[in-house]
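Chemist: Sharing a structure below in structure tokens format, with a few things to ask.
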Amino acid sequence: MAKTKTKTSKQAKSAQQSVKTMANGNVKPKETPEQLYASAIELVEQSQPDEALKKAKKLWTQVQKRSVTEALPALNLLGEISVELGDGEAARGYFEKAVTLDPTGEIPEAMGGGAEKFLWLAQLCEEGGQASVDWFERGVKALQIEIAALESGGVPGMDEESLLMLRVEKKRKLANALCGIVEVYMTDLSWEKDAEARCDALVTEAMAVEDETSAEVLQTLASVRLSQERREDARAALTRSLESWIELESEDAAVPDFATRVSLARLLMEAEMEQQAMQVLQRLHLMAEKLQAAPEVNKDGDADMSVGDQDSVMMAWKGSRNWLNMALKLFDLLDYEDKRLFEHAKALVAELDERLGPDETRPEGEDGAWEEWDGIADGDEDVEDGSANGDEDEVMQDL
């Protein structure tokens, strides 16, 4: 009787074949969730959000049925990459799913919990108004819990310096979240009877949160005071805001971001502090010069860079053109004496016009052309609505 092949021998043969196949490079080993997460983060840092989204979706496929602390980081990552790609609807879906897994933000941020998802939803909320306030307030409450834990020493495994830095960061986020609520009450909810009282209370609370009040909070205070026609108080707040960073190097962490500085320049002009506004715009002018060193992008968007890089550079160029045009307006208004700087600014605007085409949204000489200007907002619509959405429906169905 012939010897029968056992199941074990078949498995061994199959295993040998698999080893040979992998050795020949025909099959790549499956990436782990940790590898996918790290790869997605790296791609984001390299301004490749489309590729990062693909990795993040693979990550979600692997972890969606695992523990909450494995699923939350994937959802937050998907949400933030979607924001980067300009896909607000997808981002909301991811962050809302994260909220269902961590409704109070009590899961530590290191495990994917915390306040960040609430703060994103406050900004992405389509309804605006009270809905935005509600999201901000949930974020505020989560941050207050985190700060209380830090101040009580309830975070094991962290040295004193790390605790201090984390505490400063959380307090800065809390103060900015309170200012976010102020902005909603100054715009969407300005008709509310208690809007002014709420703004006063919230900005006072924000001022008390940080050990050293940040430039952003001081600007919010100035905005409130200008709306109340308390011009001198607004000027005092703007002066403090400007003095807190104007002498620092651009790379210093205490220097506000682009949008904050653009907002400061506008507030300074509203407060009739034109010389100080010129200081801010000169700093932005230097940044515009640095952008000239960016890779060339032609009108068809071709360049040796990713789509994400192209979008970022185009938006930065458009923002720079707005800043420079505002500076030129101030030159005329103040009869500024630095003619070389004036001519250089004009040359930069001309070069940006050549790269971007005429700025049809800001006709030269038109009164009120700056009324609706808000930093680099005019470039937002140029960002594609997410170019890595081929399998978006499939991922969203998993949610």
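In case you wondered, yes, glycine gets a Cβ from its N, Cα and C as well.
All TrEMBL annotations are machine predictions without curation.
Feature table excerpt (TrEMBL):
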- 355-365: compositional bias 'Basic and acidic residues' (COMPBIAS)
- 366-399: compositional bias 'Acidic residues' (COMPBIAS)
- 1-32: region 'Disordered' (REGION)
- 355-399: region 'Disordered' (REGION)
- 72-105: repeat 'TPR' (REPEAT)
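How buried are the listed features, and what sits near them?
Modeler: Summarised as a single figure, the pLDDT of the repeat 'TPR' (72-105) averages 91.
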Chemist: Going by DSSP assignments with H, G and I as helix and E and B as strand, what are the residue counts for the repeat 'TPR' (72-105)?
Modeler: 27 helix, 0 strand, 7 coil
